Amino acid sequence: MNLSNNWKRICFKIKQDFLQTSLTFFNRKRLNLRLSHPAISPSRHLPIFTIGLSLLLFNGATFSAVAIEPLAQSLPALKPTQPAALEQLNQGLALIEQGKLPDAIAAFQRAAELNPQLAPAHYNLGLALRQAGQLQASADAFYRATQIDSSFAMAYANLGAALLEGNNLPQAREYLSRALELEPNLGVAHYNYGLVLSQLGEQEKAIAAFKSAMQFSTNAPEPAYHLGLIYLQRSKVDEAKKSFEQAIKINSKYPEAHYNIGSILFNEGNFDAALESFRKAAQSNSNYANAYYGAGLVFLRQNRWSDAQEVLQYAKELYSSQGNAQWARQAEELLNQLPSS
């Protein structure tokens, strides 16, 4: 299969669908000021990749609750027909543990060359390439693993995750579905499948997928968080709030979940509680610009001009440093509306 024929370069879209309103505070055109905000950066919410022979986790992946079964159950059986290939595979795993990613990639590549039928070599090569940011090459490696062992559920799951990250939703759906056929209890596959369905607008199915992910990966906060986003899209605010609270119960330092709760409380007029949620979001990630922006809106409603100026200025600087020019301008607009001292 030539994935490059259908491949789209990374254009991963996670929409943060709060109730959208005018940002203008003093000269607003709508009756009720609600917390408007930028889309959440996708860095926390890219597809999660499963753990295989290498026990390799990627930076930023918090889906570490995926159970690691004994190798005999989770990976294809290895026949000692190519000792040199196995030696290179083991060397690659050791290099991963040492943080030597380029050398590990080279070792996995040598293992795959020595024994092209060694599925774990291709699989771990895919994981390592994904960590190195080589998304297309990573997908190709996962695909080769599935062709060698058609029952390798985690290879299908990772292939689907790579395709999802590359915004190739139809094929991502296909391979994630196959992973779930092979291993129905694979929570991370349910989660990534939910992301696909959510982006395709199939909300009911996405809700079911996220609930399944919560069932099979009870220590992962992401499914509850994204379930909350869907509930917000459907204006089911109470359900959304409960989902965000569930995510925070699992990971108390989940800035996006705290921020979402803050936005709900803000829209309900509970400004002190909203401010506390924004504070927790900032404590969870001091570079999370949305938290300071939200706090600025609270201070504006409370006529705390000096405090508003301080946090909005900081939000503006963060947005600018993070390349988010649109929301840097929005923060600047609010700063320009502050009363002159």
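Cβ atoms here come from the backbone N, Cα and C positions, even for glycine.
According to TrEMBL, the features are:
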REPEAT    85-118  repeat 'TPR'
REPEAT    119-152  repeat 'TPR'
REPEAT    153-186  repeat 'TPR'
REPEAT    187-220  repeat 'TPR'
REPEAT    221-254  repeat 'TPR'
REPEAT    255-288  repeat 'TPR'
TRANSMEM  46-68  transmembrane segment
Secondary structure composition of the repeat 'TPR' (187-220) [DSSP: H/G/I, E/B, coil]: 27 helix, 0 strand, 7 coil
Summary of DSSP states over the repeat 'TPR' (85-118), given as helix, strand and coil counts: 27 helix, 0 strand, 7 coil
Summary of DSSP states over the repeat 'TPR' (221-254), given as helix, strand and coil counts: 26 helix, 0 strand, 8 coil
Residue distribution over DSSP helix, strand and coil in the repeat 'TPR' (119-152): 27 helix, 0 strand, 7 coil
